[in-house]
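Enquirer: Sharing the feature lines straight out of TrEMBL:
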| type | residues | note |
| --- | --- | --- |
| DOMAIN | 269-361 | domain 'Transglutaminase-like' |
| ACT_SITE | C277 | active site |
| ACT_SITE | H335 | active site |
| ACT_SITE | D358 | active site |
| BINDING | N398, D400, E446, E451 | Ca(2+) binding site |
| REGION | 412-451 | region 'Disordered' |
| COMPBIAS | 417-429 | compositional bias 'Polar residues' |
| COMPBIAS | 430-440 | compositional bias 'Basic and acidic residues' |
Amino acid sequence: FTDLVLETWDLQCERNGREHRTAAMGCQQLVVRRGQPFAITLHFSGRSYEEGVDKLAFNVETGPCPIETSGTKSHFTVTDFPEEGGWSAVVQQQDGDSLSVSLCSPPNARVGRYSLTLETSTGYQGTSCHLGHFILLFNAWHPEDTVFLRDEDERSEYVLSQEGLIYQGARDYITSTPWNFGQFEDDILSICLNLLDANPKFLRDQNQDCSRRNDPVYIGRVVSAMVNCNDEDRGVLAGRWDNNYEDGMSPMAWIGSVDILKRWKKFGCQPVKYGQCWVFAAVACTVMRCLGIPSRVVTNYNSAHDTNGNLIIDRYLSETGEEDRRSRDTIWNFHCWVESWMARPDLAPGYDGWQVLDPTPQEKSEGVFCCGPAPVRAIKEGDLQLKYDIPFVFAEVNADVVYWVVRGDGSQKKSTHSSVVGKNISTKSVGRDSREDITHSSEYPEGSEKEREVFAKAEHEKSSLREEDEGLHLRIKLSEGANNGCDFDVLAVVTNNTDAERLCRLMLCARTASYTGAVGPQCGMKDLLNVTLAPRAEQTVPLRILYEKYGESLTQDNLIKVVALLTEYQTGDVVVAVRDVYIENPEIKIRILGEPMQQRRLVAELSLVNPLAAPLNNCVFVVEGAGLTDGQQIKELEEPVEPQAEAKLRLDFVPRQAGLHKLMVDFESDKLTGVKGYRNVIIAPQP
């Protein structure tokens, strides 16, 4: 027999991409998921492959110095009876000189960039040929992969969907902002792999790091640390919360992760300025989805930051409702993190499923600013000793808030009001643009011992609430929506649930605020020294909040914090109520002109009315959408937009991919910033 000579080969990027659900990453490179076979075609010249005479073997290698013992290198021959648990190669079909071979990785293989080499031998003569590179990802479709997710709709949303909604605003006024995750956009996969190689654990011990890349728990921890740059590593984003963003991008201006990841790469892995919690979470979500781990961005309202770990957040107020900064503990209006779906073989059974990963730099974990993965189940159960970082996340959703009123003489009076933490935990619904409330995502079966335990705790909480109902009650409500540029009323509603007349002082104070709970200057105030409450009666007191007072100091979070203090003269008891009012931005109207079809030009017409009493200068529309626009389009308006006039823009784009996509729009100007809008567009496939 003459030697078997390999002439050409085809890694079948397009076909394998379709079968492995990676086609959206383009067909320039082979991207496959672990545990699932992929086919390649070999063409020989001179003669065809003969079973029994010719021996074919493959080498796959990943990482800088691949070794078999650490799972980063594998050598396997073409055989009809592959070994269990390793890489395998089987002949699929032979057609003349061409041979189709099906390769398959084990479902626990290391993910990342691999090189593929073919060794052919006939008798003692052998030659080796490098066939190219491929990338291996986690596989949520494979029952033996640790990230296996059973439901197809959930896999579509949490692995394949390139766009989503992130919830913000305030607990009483939840808003959503569109986000372009874009995990399949050009270059994003290679940037995500670069991010793994830029992590300090890899730089310390490359072999050990690469050998652990089969474990989503390890990968999640690395990603959580690498998305922020607080450890002097080459992290992706710098965080900033002080409203001074001139030397970078305001966190409110981003509408997607693609722009951020590309900037990080372009500037040599220097941190991109600036991020806040939802930006950190969204970028981490992009990286995890890109690597194949099912992930979602989750928002927790009234999120506690308990620095001393006692599960109590103490807030101090002066008698005029001014916040006293004597505690480092804070309550954020909302806080976003990522939940990723994976098994936890490193823990006792029962903790598989959603895990919290929080890339926002808050507290160190094992000496590094990262948080998680913390099993959602363990957070619900209060299993604080398990890995990783459960006490911190447990406090975010379970701490108690106590308000102390500090009197002029320095004495403190505890308010009868216990505010609630960890409310309306929200994420985008699967397959729909609506909010799913996952606050109770692990309830217990009815009648179980556990259910009774939780019920007893709830009963105890209810009884303490009932006591409150018997005395004086205070709440703050809004008469109607609060729109940017307009004056509006907030109402303090005071109820006397006793049979006696009560004489009180009512103090109302409004200040502009950030979502982290920090407050700015006062923008509304009322102090009523003699409020007489009839028995079993209710009284409503309005406070008018004027745009001329709040407009200048409104932060880009668009929040006003209203504090009400009711002091009863006879007993000295104090009741506190707090409400965060979200100031609504105008709507961006988006019209699509033309027939939406793949590779056919479409026009988007964007408009927004200036609601303010002053002109808007330096107006910019930023538009992007995975599969729709080629990257990001930035259009500046030439003229200022006068009060009540319309900012208008037409732009065209050529959709590259069929299916449902979101066109996302951000509007920026000198006085109105971070205004978001989106439009769903269904693109028909090319005929």
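Using N, Cα and C of the backbone, Cβ positions are placed for all residues, glycine too.
Quick one: where do these features end up spatially?
Expert: Same-chain residues at least 6 positions away in sequence with a Cβ under 8 Å from that of H335 (active site) are, in sequence order, C277, T299, N300, S303, H305, T360, E396.
Long-range C-beta contacts of D358 (active site), restricted to its own chain and to partners at least six residues apart, with a cutoff below 8 Å, comprise S224, A281, W337, V338, C370, C371, G372, D389, V393.
Note on N398 (Ca(2+) binding site): other Cβ atoms within 10 Å of its Cβ, all shown chains, come to 15.
Tertiary neighbourhood of the compositional bias 'Basic and acidic residues' (430-440): same-chain residues 151, 153-154, 156-158, 165, 167, 174, 176, 298, 422-424, 680, selected by CB-CB distance under 8 Å and a gap of 6+ residues from either end.
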Enquirer: Determine the Cβ neighbour count for D400 (Ca(2+) binding site): the number of other Cβ atoms within 10 Å of its Cβ.
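Expert: Within a 10 Å radius of the Cβ of D400 (Ca(2+) binding site) lie 17 other Cβ atoms.
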Enquirer: If you count Cβ atoms within 10 Å of the Cβ of C277 (active site), leaving out that atom itself, what do you get?
Expert: 28
Enquirer: What is the number of residues in the compositional bias 'Basic and acidic residues' (430-440) that are helix, strand and coil, as DSSP sees it?
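Expert: Residue counts for the compositional bias 'Basic and acidic residues' (430-440) by secondary structure: 0 helix, 3 strand, 8 coil.
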